[in-house]
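Residues or ranges marked as ATP binding site by Swiss-Prot on the basis of sequence analysis: Gln87, Gly105, Glu106, Gly107, Lys108, Thr109, Asp531. The region 'Disordered' feature in Swiss-Prot is assigned to 867-909. Annotated compositional bias 'Basic and acidic residues' per Swiss-Prot: 895-906, in sequence order. Annotation comment: Swiss-Prot describes Cys910, Cys912, Cys921, His922 as Zn(2+) binding site, evidence class sequence analysis.
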Amino acid sequence: MVTSLVRKIFGSRNERIVKRLGKTVARINELEAELQSLDDEALKARTGQLRERLAGGESLEALLPEAFAVTREAGRRVMGMRHFDVQLIGGMVLDSGRIAEMRTGEGKTLVATLAAYLNALSGKGVHVVTVNDYLARRDAAWMGRLYHALGLSVGVINSSGGAGPDSASYLYDPGFHAEGGIAHLRPVTRREAYAADITYGTNNEFGFDYLRDNMAFRLEDRVQRELNFAIVDEVDSILIDEARTPLIISGPAGESAEMYERMNRIVPKLTPQEEEEGPGDYSVDEKMKQVFLTEDGQEKAEQLMRDAGLLAEGQGLYDAGSIALLHHLNAALRAHILFHKDVDYLVRDGQILIIDEFTGRIMAGRRWSEGLHQAIEAKEGVPIQRENQTLASITFQNYFRLYEKLSGMTGTADTEAYEFQQIYGLEVVVIPTNRPMVRNDMQDLVYMTQKEKFEAIIKEIKYCQEKRQPVLVGTASVETSEYLSGLLKKAKIAHEVLNAKQHEREAHVVEQAGRPGAVTLATNMAGRGTDIVLGGSLEAELATLGDNPKPADVDRVKADWQKRHDEVLANGGLHIIGSERHESRRIDNQLRGRAGRQGDPGSSRFFLSLEDNLMRIFASDRVKSLMQRLGMQEGEAIENAWVTKAIENAQRKVEAHNFDIRKNLLEYDDVANDQRKVVYEQRRELLETEDISETLEAVRRDVLEGVISQYIPQGSIEEQWDVPGLTHVLEQDFGLVLDIAGWLEREDDLHEETLRERIHQHAAEAYQVKEDKVGAETMRRIEKDVMLQVLDSHWKEHLAAMDYLRQGIGLRGYAQRNPKQEYKREAFEMFEALLTRIKHDVTALLMRVQVRSPEDAEALERQQRAAAGADMRFQHSQPESVLHKPEAGEGEEAQPFRRETPKVGRNDPCWCGSGKKFKHCHGKL
């Protein structure tokens, strides 16, 4: 009661924000007359003046009134569209890093130009994020005229569809016309598109480009700039609906099967070393599960590889271009010598199954990494499986939080305001409509069966068509829209079907969905982003007249459109029919929001049945008993506010369930995200630094100190030293042949510290000899290439290990441990081990690699680039719905569901890793 009293006196927070912004609107309006008096060149010159003021120390906030006034004047002149006052408020909300909820038809695309122009003045770039490629192209070409008039450049990023990253990026150029191309969008490189002041693109492409940039081997291969400001259109769809699944770039792990088979034929020809310093090609360290080639073995292996055509004449195993061969040889040696059939693994049904060394049980679904599993498959003659390995991954939550400033706009965000605030720190501000909303949202009609419901929908469509009222029927799945389409065909009712597949065709159909008597079936996302204009799209009709239409033709088209527009208005505007409730109230509101744009009349109604998924799972028993008590007959419907409220409560449960899934995903991904930031920052510094020799020198000392300490513990006496072991590992791992035992015999006063320093000195001298041979410049290139290769290789393996850890961590709940805490602890330990391995392997490779000429450095670089771009796959799965299975692709045959994991009992720990019982967590539903 106190809260409502305070709200009556002071207004809600939303009202106070809108009222405060209204004062700035008045200041913008005061500038209008002055700007209208300027010619086009003088208006354009204002952009340069504003940039100078910003560079001189003025804030964006101080420039906002003039920048918004300039944008509005450009819109009026170039496009005949003057921003309304409420649109100015929407622009200010975007600039302040909030979400603007604006009803459908209120001109969100135009609103974005205000905040985009202001923030582009800094020269750091603005990203406008859309839900599909077509909308990115359409909006860039449409609004590009406005930006171009103000001297700003506009880029577009589209999906390349596997044709190379530079094959689908454009710059707005009013002088560009191409046969079969997109009007005024000139193809350019991706980097040029990102260098534009404002860049339009989809959330997937912005995310994938970020990941690709962090896999680049040269600075010039990176395309994005610093992530400055993003305006996310349809922000609820992108930051909520699509945020349940991460973006993943994957590729085949390891080489093709042929390489493993060829190595498999080489290894049996090598002989073991029976005793230390004795003859033989390799020595075995069973304790560490490692195999080392002797000098004789290295020469023999090189000759066998030359005979097999794997090595060129004069090329060595430790040459810069042969690192991949060395990796394969090591895997094959371990497979043949250290891993034994029926001890370490079983061969069953053409597969290698790992045996747990502690329990003796088969570890189903597990595979060894680093090419070992494939090497064992080659050894046993079973089919060699090319694994898909995650090369890079990020969730939308963590990608969009990288922007210095983030904002968004949508017609429906208020129901998810809590999540936007919790996850992204974004406040939702509801913007008032320019004209009062007059749409009639009618009560839901609930039927006993789906058959009765669909009959009622067809009857309603017939009624609307007879009175020439346009109808949009929303469905929750492709299956439902196709079923309804079949019923309409039987009833001989002409209609269009949209299934969110062909975005460009959809937009054209949706433009005409407001014609008198038009019937359109659409899934919830189909055609989103395109307004349904009553009477049809006048702009689309005028476009058919060509570039220089006759005035008489233009007048005729306008008169015809006005006649249709008035007819639809008289018949009640657009009527929305919902064929079932969606799992989220927000999606239902999106459907309703298609009608009643800009004060137009319109109506909406949902038709439900007790057999609908939402009703069946959550509300059917109570509603069914009520309907039976009322003595409902077949074909009769119940229309009651209590039923509508019960359905909304069910939707709230599903929304809470989906929020938990997203929050849970984020809590786990935050752990990986902290590590990702460290690795990507390290990688970026590597690319930007010309000379990393000092860093590598410090790393080499650090690694050698660790190795020496394993065999000569600090503060120990000489009798405790393992000199043969140290000598062996320095030679095998680092190529350092040192007579440490001889030094100790000859020099009685050789202390531990002096010995350590001498080893470091010999390592530095050996490295300097290598550098003198090829030159400092070539060595610097080799250092960067090796560092990048090792970093990337280990990071990929680390991602796979993190995936395995994540999959099994929920089981820790059985041991009364908090799975999330366990995951954080183990992930941190794994990351520390990763950094140690990277340092060791970089040092070992650089000490052993044989570089003869600058051409070797180029060969290593070419090998890296080829490996990096080979067979990449870009994946962003659609999140699974609680109520609907994902839509099957065309031509796919439905497969029966087979449970791969045991069913979760109500008293078992929840699968999500929260540590709660299933019935108290996600089992509550």
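Note: Cβ is positioned from N, Cα and C throughout, glycine not excepted.
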Checking the spread of the ATP site as listed (Gln87, Gly105, Glu106, Gly107, Lys108, Thr109, Asp531): what is the longest Cα-Cα distance, in whole Å?
17
For ATP, residues beyond Gln87, Gly105, Glu106, Gly107, Lys108, Thr109, Asp531 with C-beta within 8 angstroms of the site's Cβ centre include exactly Met102, Thr104, Leu110, Val111
Among the binding-site residues Gln87, Thr109, which residue has its Cβ surrounded by the fewest other Cβ atoms within 10 Å?
Thr109
Among Glu106, Asp531, the most crowded of the binding-site residues [Cβ within 10 Å]
Glu106
Around Lys108 (ATP binding site), which residues of its chain at least 6 apart sit with Cβ under 8 Å of its Cβ?
Gly90, Ala100, Met102, Asp233, Met409, Thr410, Gly411
Take the Cβ of Gly105 (ATP binding site) and count every other Cβ within 10 Å, whichever protein chain it belongs to.
21
Give me the long-range Cβ neighbours of Gly107 (ATP binding site): same chain, 6+ apart, Cβ under 8 Å, in sequence order.
Met81, His83, Phe84, Gln87
For Asp531 (ATP binding site), which of the three DSSP-derived states applies: helix, strand, or coil?
coil
